[in-house]
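**Q** Sending over a structure as structure tokens; questions will come in a sec.
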Amino acid sequence: MTAPRQSTSATPDVAAAHDKILIVDFGSQVTQLIARRVREEGVYSEIVPFQKAEQAFTAMQPKAVILSGGPASVLEAGAPSAPMSIFTAGVPVLGICYGEQTMAQQLGGMVEGGHHREFGRAAIEITDDCALFEGVWKKGEQHDVWMSHGDRVTKLPEGFRGVARAAGSPIAIIADDTRKFYAMQFHPEVVHTPDGAKLIRNFVRKVAGLKGDWTMRAFREEAIEKIRAQVGQGRVICGLSGGVDSAVAAVLIHEAIGDQLTCVFVDHGLLRMAEAETVVSLFRDHYNIPLVHVDASKTFLGELAGVTDPELKRKTIGRLFIDVFDEEAKKIGGADFLAQGTLYPDVIESVSFTGGPSVTIKSHHNVGGLPARMKMKLVEPLRELFKDEVRALGRELGLPDVFVGRHPFPGPGLAIRCPGEITPEKLDILRQADAIYIEEIRRAGLYDTIWQAFAVLLPVKTVGVMGDGRTYEFVVGLRAVTSTDGMTADFYPFDMRFLGETATRIINEVKGVNRVVYDVTSKPPGTIEWE
């Protein structure tokens, strides 16, 4: 029996003791990247829609504010704006794209509809030095940035000066060094602006003077105290999916409350080669976490027989998972809390930019509907973290890197990597092909370079020749992409020798396959997964 240390104090907010930056969201598709860039500097950041910005600013008391981009025009009636209290509070403010335009207009400058719209890569010329550029850019230099705007600032507010210009933006960057207000027409948060992260670092560290103490070690200690304060002597059930998020959540909660936690691992028969055994061994044998392992593969595969529509596959798997999990929870009995691996992007995506509910947590793909049905309170220890931070926390908790660093795996598992009807035979073929592919990627030293790689079993057969005989067997598709966030992705440019050797192994070693193809589709227009 593992007994937790008793909490001596309650920690209502894991980030309360740290410097914080508030990010006001005006609807940009890449606002999450701003938060990630700030977090990379060891400073906690939080995103709120502009409608809630004043309330959040008062409650959060941030040391700096960043105004995001957005699709609106400040020239339209009723256009989104930042609370004026932000500009009078004495904190540094950084405006990005729409954030620059609303800052300029609200403080007395002028914005006009652009006759020269800029979308994509653009060159800017640095016309003067400022604190944002220290150690990065110098007067007279030209640099590539990523633009996405129609309107542009044409008259500076009082106290500002222009420090950069571009073909479509005569005032591409503005600076008020006295008030520490800075703004730029381009997007520094995206990788297409090569020096963008350095500019954000300068704003965070040099302009705002923040110390950067938001670390996973600090988060671990504070989250443990928060879990103990919330749970007390209650019991917690955590559904393990075999993925990184639920695994890290379970280990963190177990460190906080010991055997008050019971994990339920539902094996739906759609996992990768030896994955179920790995999960059981890690949690039951290595961490000694109470674990209920349910082999429900026959139930899932029986219900999925004949189902070909990908959305119906997902819904069927989700419904069955809830049924099985609910049944096991009743057997355990006495649980007061349900633990979920909700991440910060799930929280952000459920906040309506245009209005509506303030915050609605998006349910985890496997346990949606469980809290309402089971009448349990939620424990979500990772809800302030991005995926890369969860991996870092996992390493801090001692989870093996081979587990923490695994590529993303969808909740419905191999069901959506097997287009068409799912059968045990097809799943066996797919598991073997996928295992060989990943083994070859690891052997080539490419696993950590690639964001995600997997095999797909296509619902077609082709004619082949093996020895002196004709074959009519399945086609395996190989997929590998590079990405920073999964929002966009490029196919990985393997050399032909690697692809040839991998294809030869799969065809020779996996019975039922006589052809292998490689997917060279980027996202967009394609998605990373096939279904």
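Any Cβ shown, glycine's included, is placed from N, Cα and C.
Got these off Swiss-Prot a minute ago, pasting:
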- 20-213: domain 'Glutamine amidotransferase type-1' (DOMAIN)
- CYS97: active site, nucleophile (ACT_SITE)
- HIS187: active site (ACT_SITE)
- GLU189: active site (ACT_SITE)
- 214-406: domain 'GMPS ATP-PPase' (DOMAIN)
- SER241, GLY242, GLY243, VAL244, ASP245, SER246, ALA247: ATP binding site (BINDING)
**Q** Do you know offhand how many angstrom separate VAL244 (ATP binding site) and HIS187 (active site) by C-alpha?
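**A** A Cα-Cα distance of 31 Å.
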**Q** Using C-alpha atoms, which one of the active-site residues CYS97, HIS187, GLU189 comes nearest to ALA247 (ATP binding site)?
**A** GLU189
**Q** Residues with Cβ closer than 8 Å to the Cβ of GLY242 (ATP binding site), same chain and 6+ apart in sequence?
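**A** When sequence neighbours closer than 6 are ignored, GLY242 (ATP binding site) has PHE265, LEU271, GLU275, ALA276, THR278, VAL279, PHE409 within Cβ distance under 8 Å.
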**Q** I need the least crowded one of these recorded positions (CYS97, VAL244, ALA247), counting other C-beta atoms within 10 angstroms of each C-beta.
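**A** It is VAL244 that, of the recorded positions CYS97, VAL244, ALA247, has the fewest other Cβ atoms within 10 Å.
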**Q** Including all protein chains displayed, how many Cβ atoms other than that of GLU189 (active site) lie within 10 Å of its Cβ?
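**A** Step by step: centre on the Cβ of GLU189 (active site), count other Cβ atoms within 10 Å, giving 28.
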**Q** Excluding SER241, GLY242, GLY243, VAL244, ASP245, SER246, ALA247 themselves, which residues in that chain have a Cβ inside 8 Å of the centre of the Cβ atoms defining the ATP site?
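**A** For the ATP site the neighbour list reads LEU240, VAL248, GLY341.
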**Q** Find the shortest Cα-Cα separation between SER241 (ATP binding site) and the active-site residues CYS97, HIS187, GLU189, and name the residue that gives it.
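**A** Comparing Cα positions, the candidate nearest SER241 (ATP binding site) turns out to be GLU189.
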**Q** Give me the CA-CA distance between SER246 (ATP binding site) and GLU189 (active site), in Å, as a whole number.
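**A** Answer for this pair: 28 Å between alpha carbons.
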**Q** Of the recorded positions CYS97, GLY243, ASP245, which one sits closest to HIS187 (active site) when you measure Cα to Cα?
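**A** For HIS187 (active site), the closest Cα among CYS97, GLY243, ASP245 is found at CYS97.
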**Q** Between 0 and 100, where does the mean pLDDT of the domain 'Glutamine amidotransferase type-1' (20-213) sit?
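**A** The predicted confidence over the domain 'Glutamine amidotransferase type-1' (20-213), as a mean pLDDT, is 91.
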**Q** Based on Cα distances to GLU189 (active site), point out the closest of the recorded positions CYS97, GLY243, ASP245.
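**A** Out of the listed candidates, the nearest Cα belongs to CYS97.
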**Q** Same-chain residues six or more away whose CB lies under 8 A from the CB of GLY243 (ATP binding site)?
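**A** Long-range Cβ contacts: GLY341, PRO408, PHE409, GLY411.
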**Q** At the level of the C-alpha atoms, what whole-angstrom distance separates ASP245 (ATP binding site) and CYS97 (active site, nucleophile)?
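**A** Computed Cα spacing between ASP245 (ATP binding site) and CYS97 (active site, nucleophile) is 33 Å.
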**Q** What three-state secondary structure does DSSP assign to VAL244 (ATP binding site)?
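**A** The three-state answer is helix.
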